[in-house]
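Here the structure is laid out as structure tokens; the discussion comes afterwards.
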């Protein structure tokens with residue numbers, strides 16, 4: 001895959017080889033440190049929805065590579081409040097920065113932005129659609145912890161309907177030789193178009209509403225938050241909130257080397273008593289986000305791997 | 001001129017869109033952008049007896065030869081439609097509609113949270129993932145329209 005100067009909008013654009021190029025490069029950075037100096041380059045963080053991890057990890061990644069970061073992190077303080085279109089905003093910011101990182105509540109926002117600017121656009125979450133850099137972080141975490149992705153039994157659990165991290169993650173996972181268990185309340189099942197897409201790939205897909213009967217077979221349990229902000233009707237949220245609780249009792253029945261992941265923030269789906277267990281991997285997963293974003297910035301802005 | 005002539009009369013020059021699914025002619029007219037501002041003579045025949053499909057609709061646009069990119073969008077709701085170009089009462093060209101790979105502007109994304117349903121300066125755009133039955137996918141938000149496409153025509 002070509003990365004230099006490219007956008008990262010959707011995991012649909014990634015081949016299996018492309019995924020491994022990013023993971024391998026991230027591992028090289030982890031072991032040997034950065035390969036390029038991005039001093040003199042400016043990354044614009046455009047966050048039109050709240051973010052802690054994604055925004056700060058991009059900022060950290062760019063600074064560790066020697067670059068500078070400018071940010072919009074409040075719609076109220078920007079021209080959006082004055083009615084400016086996103087298309088205008090990104091064309092203005094392109095004049096200040098060498099690359100744009102965009103989080104926006106509307107689905108397809110990053111795709112649209114990329115059509116209006118020449119500089120690279122990285123999708124940091126567009127509504128409930130996709131979050132590809134979180135997915136690369138997740139894949140890197142699985143690969144580091146297990147040494148492989150093929151052959152694993154992977155359960156993705158929680159809000160599969162609105163969860164953008166889930167939508168992005170199941171696309172590449174389905175390209176591997178894995179058993180992929182999709183666990184959700186019936187109201188929050190994965191959308192049919194995504195299910196149809198991934199069914200065409202290599203993975204064996206299984207749907208379920210319960211984790212208890214599966215926990216003994218799972219290598220990776222990827223839990224997600226049921227996101228109150230995606231529900232138009234608060235009553236509908238109340239019906240499904242708290243559907244899953246991961247605690248020591250549940251994990252007693254798990255494989256000894258189970259890895260428990262979560263894109264964070266969590267609400268009540270993982271009991272804090274689990275944090276001390278070897279299975280708990282979500283804080284390392286979060287830290288891996290910086291390494292992956294350093295790898296992407298080196299490849300996209302620094303042209304590493306394309307020479 | 002009797003009633004029968006009025007309904008099915010030939011046109012001298014122009015375009016005849018035939019084999020439209022019965023009841024869909026008005027949608028075809030809408031897709032072609034034919035409205036009160038058009039100066040050409042347009043005839044719409046609905047529920048006309050047909051050997052192939054029992055009944056069909058026909059649209060005739062006089063003195064205007066519609067370009068293929070104009071009529072291909074008709075395949076969204078009339079996948080069996082045919083386009084006849086008429087000159088001096090003779091059919092000089094007969095083509096089946098052919099749905100293009102991408103449809104712009106004509107269809108509205110059913111996802112209210114899609115960026116194409118905002119004030120941004122973009123047109124809706126769908127990839128055609130299946131031609132008959134028509135299945136579309138929004139290039140922005142990836143949502144699919146897998147049935148009743150006509151309900152989503154703007």
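For all residues, glycine too, the Cβ spot is worked out from N, Cα and C.
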Cross-ref TrEMBL: carbamoyl phosphate site A:53, A:54, A:131, A:134, A:264, A:265; candidate in list A:28, A:103, A:230 matching that site is A:103
Same-chain residues at least 6 positions away from residue A:265 (carbamoyl phosphate binding site) with a Cβ under 8 Å from its Cβ, in sequence order, are A:52, A:225
Taking only the CA atoms, the spacing between residue A:53 (carbamoyl phosphate binding site) and residue A:164 (L-aspartate binding site), expressed in whole angstrom, is 15
Simplified to three states, DSSP reports residue A:264 (carbamoyl phosphate binding site) as coil
Students should find that the Cα atoms of residue A:134 (carbamoyl phosphate binding site) and residue A:82 (L-aspartate binding site) sit apart, in Å rounded to an integer, by 31
Counting every protein chain shown, other Cβ atoms within 10 Å of the Cβ of residue A:131 (carbamoyl phosphate binding site) number 26
Per DSSP, the domain 'Aspartate/ornithine carbamoyltransferase Asp/Orn-binding' (A:150-299) contains 60 helix, 25 strand, 65 coil
If you count the other CB atoms within 10 A of the CB of residue A:225 (L-aspartate binding site), including all protein chains displayed, you should get 19
DSSP says residue A:131 (carbamoyl phosphate binding site), in three-state terms, is coil
